[in-house]
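Structure, as structure tokens:
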Amino acid sequence: MDTTKVANTNGTAAATGGKPNRAAAVATWADERLGIASMAKKNLRKVFPDHWSFMLGEIALWSFVVLLLTGVFLTLWFTPSMGEVQYNGTYEQLRGVHMSEAYASSLKISFDVRGGLLMRQMHHWAAMLFIASMMVHLLRVFFTGAFRKPRELNWVIGCLLLILGTLEGFTGYSLPDDLLSGTGVRAADGFIKASPVIGTYMSFLLFGGEFPGDSIIPRLYTVHVLLIPGLLLALIAAHMLLLVYHKHTQWPGPGRTEKNVVGFPMLPVYAAKAGGFFFIVFGVTAFMGALLSINPVWKYGPYDPSKVTAGSQPDWYMGWPDGALRIMPGLETHIWGFTISWNIMLPILILPVVSFLFVLMLPFLDAWITGDKREHHLLERPRNAPTRTALMVALMTWYGLFWVAGGNDIIAIKLHSSINEITYFLRAAVLIGPVLAFVITRRWCISLQRKDNETLLHGYETGIIMRSAEGGYSERHLPLPESKAYTLTARDRDPVVNGHDEGTDANGLPAPGGGRFAGLRHRVRTVWYSDNVQKPTVEELEDGHHHAEHEHELQAGDEGHAADGHQFDGHHLVEDESLRGH
Amino acid sequence: MSTHSDGHDEPVDENLPARDDLYANPGLPEHHWRPTDVDPKAERRAERQVATLFVLSAICTVLFVVAYFSVGKDDTVIGLGAQNVSLGLALSGALLFIGIGIIQWARKLMGDHEIVEYRHPASSSEEDRAATVEALQLGLEESGIGRRPLVRNSLLGAVGLVGVTAIVPLWDLGPTNAKVTKEQPYPGAGLEHTVWDQGMRVVRDVVGTPIKPSDLQIGDLVNAEPEALFNGGEDGEPLEGVALQVGKSKGAVVVVRMEPEQITPGKGRENWSVDGIVCYSKICTHVGCPISLYERTTHHLLCPCHQSTFDLADSARVVFGPAARPLPQLPLAVDDEGYLVAQSDFTEPVGPSYWERG
């Protein structure tokens with residue numbers, strides 16, 4: 001069928017109507033006042049490549065919009081005050097109980113405002129989605145090498161978004177002033193007090209006097225609804241602008257190169273897909289808010305500094321420093337009348353900051369190690385950067401084990417095991433686990449690289465079992481289709497690390513411009529690339545194909561035998577026999 | 001294998017190879033027509049599907065409004081609040097159907113030709129950059145910032161200093177520990193004090209009834225508070241507001257009774273217990289959670305927040321977990337009427353460690 005005649009959804013001519021063109025009129029009106037045509041010209045049909053993993057950041061973006069919308073709704077009823085009131089609302093169990101206005105208004109939103117609980121639960125679920133999708137998006141960007149030049153600064157902005165999102169989450173779930181969140185705020189006060197020299201000053205200024213005081217909720221409220229959202233908005237805008245300026249990365253494939261970007265145009269396809277996806281994220285959040293209870297503050301009761309519930313835990317994204325805090329041995333130094341609380345400072349003040357800075361610096365570290373100063377727009381499969389991939393998996397393992405430690409009490413209860421033993425185990429595991437994960441991931445990646453080369457050189461397994469005339473069985477391999485072979489080989493070779501230190505030349509003399517850390521860099525780079533499998537050379541490829549053709553010929557023909565173990569054992573005449581192969 | 005350096009100062013690493021393509025780029029794969037492109041029936045079907053989805057969304061919006069005005073506060077459905085479920089599901093449907101409809105439209109009916117756009121290096125052209133650097137240098141030159149160090153340095157100093165005007169007022173965010181301790185705006189103010197005092201009764205929390213030693217069996221643990229929380233206000237009224245919250249946050253204690261011979265009293269604390277009854281601060285010395293999980297056979301008290309464990313038979317020594325200090329002990333006595341009272345305030349600050357604590 002000649003499809004060109006029937007296809008009409010891909011029209012190339014402009015639509016013509018009886019009336020003058022509306023869109024053009026509006027565009028003219030706007031351009032005469034704003035002069036936006038020259039900018040819009042480039043961007044209306046801007047190309048975005050398609051891949052499911054590019055959607056992760058979009059989830060983060062849209063859940064942030066959901067947070068803004070539901071958050072505005074919540075502010076209409078929430079009273080950020082610690083003034084003491086006696087509750088006399090709908091929720092029977094707490095009637096007559098003294099509580100803060102913040103808690104009472106949270107109850108009001110949950111029970112007396114129609115749709116209020118829905119907004120609260122959607123807000124909380126969207127927050128979880130926001131942070132989770134940012135984390136997974138970060139992993140995607142790292143594993144595919146999308147952070148490399150020229151996108152390092154966007155990585156930095158993304159990291160800032162993640163840390164600000166986390167703080168936004170903490171300040172947000174502290175606002176209802178319930179027993180659980182109050183316990184979290186109290187622990188935070190303990191962290192602040194553990195800061196050397198200025199700890200108590202910071203605590204007293206933040207809380208407006210002695211903990212808990214009556215200032216912390218209104219102050220957290222300002223931070224939560226004004227300060228951090230403002231920063232988040234500005235950084236998200238910068239993140240998106242840089243994304244547009246750099247143009248999105250793409251996976252290698254037929255027709256896709258470092259110099260181009262292939263995909264659907266912004267208008268209409270991408271705008272429709274992204275816009276539609278916003279409604280889907282919003283709808284899923286509403287679905288969760290409808291059916292999945294989250295943070296039922298009425299069950300916890302109002303904050304009372306003399307009470308606590310067993311199994312108190314922060315929201316999941318605060319879980320890993322909490323886990324570190326749990327498994328840290330109780331070290332404190334008392335010197336010259338002062339106290340240094342290592343048991344709090346190390347896990348909660350130093351560890352998260354150092355980890356965050358490390359993640360923030362990863363693109364620069366990677367560039368320093370690899371010495372790669374080129375721009376990269378084609379993504380790399382995780383297996384093709386084994387050490388880099390292994391580094392992130394080690395970090396994930398580290399994070400995961402700390403996170404598990406944050407639930408050591410729950411694990412002990414559920415598994416009927418000793419909390420002490422779980423804690424001792426995790427103390428060792430956070431040190432050993434990442435190393436194991438690193439080694440395993442690296443070897444795994446290298447094996448996958450081998451597998452790729454195997455397929456390139458010897459073809460893919462067809463699943464067809466051939467039986468030769470002699471009764472031998474073999475699986476037929478066929479060469480990859482060219483587009484697949486092209487995609488598999490569309491990657492760089494790793495640089496050759498010379499046998500000599502970089503700081504010196506081949507003769508052992510100091511090389512110019514080596515830099516102070518050249519020796520260290522050379523050693524790290526050697527490890528970074530060692531054992532990596534390179535894609536085949538042209539010769540290897542020709543060799544492999546030649547070999548495969550030969551094999552097919554032999555399999556197809558009648559001549560030749562498979563060695564069956566008896567033919568050439570000296571008991572038979574072999575003059576007329578020819579062995580398959582050589 | 002050396003790549004040429006294109007005017008950048010940085011040396012280009014000679015070890016980095018250029019990509020060698022083993023296969024010729026096959027170019028973009030052929031475009032395949034979708035059923036909706038070639039079959040008018042399929043096209044109309046897709047159109048109807050999309051429109052149906054949008055109509056479903058509209059129906060859900062109507063349902064939302066209906067639910068808002070008709071579902072009562074106390075109605076339940078499968079054990080969940082009917083209002084929340086009905087409003088949430090209706091909203092969810094109204095949004096999801098729009099989303100799915102738009103995406104269906106994009107996938108089935110909008111053009112699906114992949115198009116190619118060319119990239120440009122992130123950097124500007126050499127000329128632009130040179131012109132910018134030149135303009136920058138000219139501007140700096142004309143400002144004389146390099147030639148007039150006196151102006152420059154005094155400006156830098158002034159601008160750096162002006163930030164102080166934003167920081168200093170933060171001092172009034174709250175009174176400091178020293179100020180609170182000196183002025184005592186409420187009983188037991190300051191980190192080194194609590195509301196406890198000589199002769200103050202130990203009362204049960206929530207109800208505020210005093211405790212006689214005979215009320216406690218061996219192995220009992222009672223959550224207790226200083227009596228002042230219940231009668232320390234003006235005219236014997238209960239404390240309220242900040243005074244109450246601060247009083248609770250430092251004054252909460254646990255009272256435990258065990259066999260007297262099981263207690264290993266700390267040095268100088270030989271007379272701090274009454275008939276095997278000891279009293280410790282309930283506030284964890286780690287980060288300040290109230291501690292509540294008591295294991296009667298071992299006399300261990302476990303903090304539910306970070307699992308620090310204290311041995312109440314042995315001066316609340318830390319036996320496990322991240323806390324570094326034992327729980328402060330409240331010296332107990334019995335008053336004329338036979339009720340448990342404190343001999344004094346705690347002899348050390350309660351709660352988490354801090355720099356000046358020593």
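Placement of Cβ uses the backbone N, Cα and C atoms for every residue, glycine included.
Per TrEMBL, the feature domain 'Cytochrome b/b6 N-terminal region profile' maps to A:26-252.
Marked as transmembrane segment by TrEMBL: A:52-78 (among others).
According to TrEMBL, the feature transmembrane segment maps to A:125-143 (among others).
If one looks beyond the transmembrane segment (A:155-175) by at least 6 residues along the same chain, the residues whose Cβ comes under 8 Å of a Cβ in the stretch are 60, 78, 80, 102, 106, 123-124, 127, 130-131, 134-135, 137-138, 141, 147, 181-182, 184-185, 188, 216-217, 220-221, 223-224, 228-229, 231-232, 235-236, 238-239, 242, 295, 314-315, 317-318, 356, 359-360, 362-363. What TrEMBL lists as transmembrane segment is A:155-175 (among others).
Packing against the transmembrane segment (A:221-246) from elsewhere in the chain are residues 43, 46, 61, 64, 68, 71, 75, 78, 80, 150-151, 153-154, 157-158, 160-161, 164-165, 167-168, 171-172, 175, 377: each is 6 or more residues past its ends and has a CB under 8 Å from a CB in it. Annotation comment: TrEMBL describes A:221-246 (among others) as transmembrane segment.
The annotation transmembrane segment is assigned in TrEMBL to A:267-294 (among others).
Residues or ranges marked as transmembrane segment in TrEMBL: A:344-369 (among others).
Annotated transmembrane segment per TrEMBL: A:390-412 (among others), in sequence order.
Taken from TrEMBL, the feature transmembrane segment covers A:424-441 (among others). With a cut-off of 8 Å between Cβ atoms, the residues of this chain six or more beyond the transmembrane segment (A:424-441) that come close are 323-324, 327, 329, 386, 389-391, 393-398, 401-402, 404-405, 408.
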> Who are the long-range neighbours of the transmembrane segment (A:125-143) in its own chain, taking Cβ under 8 Å and residues 6 or more past its ends?
Replying inline: 53, 56-57, 59-60, 63-64, 66-67, 70, 155, 158-159, 161-162, 165-166, 168-169, 172-173, 281, 285, 288-289, 292, 294, 315-317, 359, 362, 382, 388-389, 392, 396
